[in-house]
Amino acid sequence: MALNELTLREAADKLATKEISSVELTQACLDQIAKHNPTINAFVTVDAEKALAAAQAADARIAAGNGAPLTGIPIAHKDIFNTTDMRTTCSSRMLENFIPPFDATITTHLRQAGAVILGKTNLDEFAMGSSTETSYFGASRNPWDTQRTPGGSSGGSSAAIAANMAICATGTDTGGSIRQPASLTNLTGLKPTYGRCSRYGIIAFASSLDQAGPMTRTAEDAAMLLNVMVSYDPKDSTSIQSPAPDFTQALTGDVKGLKIGIAAEYFGDGLNDEVRAAIETAQQQYQAMGAELVPISLPNSGYAIPTYYIISPAECSSNLARYDGVKFGYRCEEPKDIRDLYFRSRSEGFGDEVKRRIMLGTYVLSSGYYDAYYRKAQQARRLIADEFKAAFEKVDLILTPTSPTTAFKFGEKDDPVQMYLSDIYTINVNLAGLPGISVPCGFDSKGLPIGMQLIGRPLDEETLLRSADAYQRQTDWHKRRVHLG
């Protein structure tokens, strides 16, 4: 196996025993990027010089006996996390040349752990999309089939790992943006409990929904990366003051007696038959491992899409009001007056999908419509959260499909509503603030990956990771790799 195809655990073990060096590992990833990024378009920015310097520093740290599990590991960083030494674009013309004055808290954690940041990965503009097609820098391509999307908004991160350009990656998840791309590219993607990972220095889309998380090849890798990402941060007013365990200690391989909820609402019309079959096989495997399947009902799940597409645009319209061409970001040429500056800078700097959501958000917050839309959406959100809370009195976790289909072709979902529906199974998790993980569970007849989603109680990432890891010990779906040549 090539160095750049190693799991995070395998790479960390080889680095710790000095079987390989971080410079060798980093160079293998950089070589793969140079060879395949022109086609895959996973990275928006790559800084090979800085990456190799960080790798040399990591090797020195390991040689001195000061290494940690992430020391020397080449990682792809979603281009929504602030980095002082690299531009942070959010894949938008608005921030095309923006270099932040401070690092995101998670960026700081990665640096302190000795991780090697290879570069910044592509995403849907300001994380608004499910395919990376809204990126100002063009769509990323799925290494399993380059005519198809790697998902979104964290599609650059998922494509980078699937194409063996990085050992692991960071992502953010507002309505499924870690889990859906993980499902479409045969990866493990974890969206933690809201507030687990600091949002400080992450460019905001919808502040009550955004959450950072790991994208990796295995559940064990996700636990290792999550250990570095989770912390209480006083700079983030929504950060949870809860002790962070060593998530790798939860990986016992045992799910005997675990009660897994199966909600009929997640298996209705619109679910691809091959995806349904793969999920049902995974259910049977959990039963064979000693878990108990418990039928549950989540009838308010049907309100997920309309609720999300009222709340998230409302928050987006507020968050993106700061981009006006005055202080930072894109500025139109020769504005006639302040109104012209605002109007043209925002019209030229934002893409169509971002403008669509800003307008929708402004509308639902406007006088006369606030009560009719926004207030009702918040009430629906509470009903959805309460429904999950009641379900978790009967079960330990809930098993669903991650996405209703496998990876779709570019341009196939040109109707915005069709694109929005690709997150139908993931959005509720964000609305309720719960942790969720997508795990590889099969392939369709076209050879495209299928993912299943596990949903857990608040702050119980340990049960999710234990269950995902136990499944991966019994299956080999996650071990399958793309070989681009």
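Every residue number used here counts from 1 along the chain in the order it is shown.
A Cβ is built for glycine as well, from the same backbone N, Cα and C atoms used for every other residue.
Pulled from Swiss-Prot:
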type	residues	note
ACT_SITE	Lys78	active site, charge relay system
ACT_SITE	Ser153	active site, charge relay system
ACT_SITE	Ser177	active site, acyl-ester intermediate
COMPBIAS	138-150	compositional bias 'Polar residues'
REGION	138-157	region 'Disordered'
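Its Cβ taken as reference, Ser153 (active site, charge relay system) is surrounded by 34 other Cβ atoms within 10 Å in the chains shown. Cβ neighbour count for Ser177 (active site, acyl-ester intermediate) (all protein chains, 10 Å cutoff from its Cβ): 36. For Lys78 (active site, charge relay system), the same-chain residues that are 6 or more apart in sequence and have a Cβ closer than 8 Å to its Cβ are Lys120, Thr121, Leu123, Ser154, Gly156, Ser157, Ala169, Thr170, Gly171, Thr172. Ser153 (active site, charge relay system) and the residue listed as 'active site, acyl-ester intermediate' have their C-alpha atoms 5 Å apart, to the nearest angstrom.
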